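Record features (Swiss-Prot):
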type	residues	note
BINDING	154-209	ATP binding site
BINDING	D283, E296	Mg(2+) 1 binding site
BINDING	E296, N298	Mg(2+) 2 binding site
DOMAIN	124-329	domain 'ATP-grasp'
Amino acid sequence: MTQKNLLLLCGGGGDEHSISLLSANFFETQLATLPHFNVLRVELNAKGQYRTQAGELCELTNSKQIRFNDQSKAPWDVDYVIPCIHGYPGETGDIQSYFELINLPYFGCDSEASSNCFNKVTAKMWFSALGIRNTPYIFLNEFNQQAIEETERALEKWGSIFIKAASQGSSVGCYRVDNKEQLANSLEEAFKYSPYVVVEKTINARELEVAAYEVDGEIIATKPGEIICASNTFYSFDEKYAENSQAQTVIEADVDEVIAKQIQEYAIKAFKGMKLRHLSRIDFFLTDENEILLNEINTFPGQTQISMFPKMLQNHGHNFAQYLSGNIMAQLK
């Protein structure tokens, strides 16, 4: 088999840059077991600069080449890209739009699906359109007195709320508010991360996650795993990634089989309905009354040592490297 040149693009320069690098480490490890890929890892920084692991400045050109600033070095033809970038500009769909413009095949969801899922406003509209219940919410497009008053009414109605920047991942710009004293400051902070803000009712529920992905053209939804947070906390950025995190992860949650099957069916419905591709992690709430609510969809889930997606995929009986290779080669035929 002829080797294919695979660009592992990571970083992105956003709030999740460091996590993207950790995920890229996992992809590198898996790709190293696949001799038919010749891998070049390139980091994209906040200034929009591309740099190899050897520290060489370079750029991805419209002719689908990595061109080095050192003119004495020959350009490197790119056959395929893995955009291992959490948050902007990866999960937002921006970098995928560029790949589509230059007709460069890549791993993961396309630009439109990525954008629709990443923005919490459009995502929740899609969930409702697909007939999948989700948390009650309002959304705001400006930080002003009217927004504060609307949020105060939501707090009075629901008792406790989450204020979330609409265009952020990994709980960046996300604040739990239980009283009016916290409200205005939390709202102002959320608007620093995004021009749109979602205000959601706080749901006291179990947090369940499903790995939804494709193998040989078939959509797979694993049994739900579970995130167990310390009492009265939520799964914040620090809880997800800090070494001293108190959160626990369970690869296969202890839930009724009927409930688990329903969650898997919702995950597949969301995957199909939102035109996802290759991989996703779909997160749900399960209330004490066994009500299932779709929380969010992550179109490029983390692949760190503590990340659920690769563990759930493996627990479901799939080898990650072979799953990855199968999806890549299907596009390169």
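Numbering starts at 1 and runs along the chain as it is shown here.
From the backbone N, Cα and C atoms, a Cβ is placed for every residue, glycine too.
Sequence features, as recorded in Swiss-Prot, placed on the structure.
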residue: A154; record: ATP binding site; DSSP (3 states): helix
residue: I161; record: ATP binding site; DSSP (3 states): strand
residue: Q168; record: ATP binding site; DSSP (3 states): coil
residue: Y175; record: ATP binding site; DSSP (3 states): strand
residue: Q182; record: ATP binding site; DSSP (3 states): helix
residue: E189; record: ATP binding site; DSSP (3 states): helix
residue: Y196; record: ATP binding site; DSSP (3 states): coil
residue: I203; record: ATP binding site; DSSP (3 states): coil
residue: E296; record: Mg(2+) 1 binding site; DSSP (3 states): strand
Spatial neighbours of D283 (Mg(2+) 1 binding site), counting only the binding-site residues A154, E189, I203, N298 and Cα distances within 10 Å: N298
Nonlocal neighbours by CB distance (under 8 Å) for A154 (ATP binding site), same chain, sequence gap 6 or more: I138, I161, V199, K201
C-alpha spacing of E296 (Mg(2+) 1 binding site) relative to E189 (ATP binding site), in angstrom: 21
Per-residue Cβ crowding (10 Å cut-off), top of binding-site residues Q168, Q182, N298: Q168
Inter-residue C-alpha distance, N298 (Mg(2+) 2 binding site) and Y196 (ATP binding site) (nearest angstrom): 19
Helix, strand or coil at D283 (Mg(2+) 1 binding site) [DSSP, three-state]: strand
CB contacts for I161 (ATP binding site) [other CB atoms within 10 A, all chains]: 27
C-beta crowding around E189 (ATP binding site), within 10 angstroms: 16
Residues satisfying Cβ distance under 8 Å from I203 (ATP binding site), sequence separation of at least 6: T135, F285, T287, L293
Integer mean pLDDT for the domain 'ATP-grasp' (124-329): 93
For E296 (Mg(2+) 1 binding site), the one of Q168, Y175, Q182, Y196 that lies nearest, given that the binding-site residues are compared by Cα: Q168
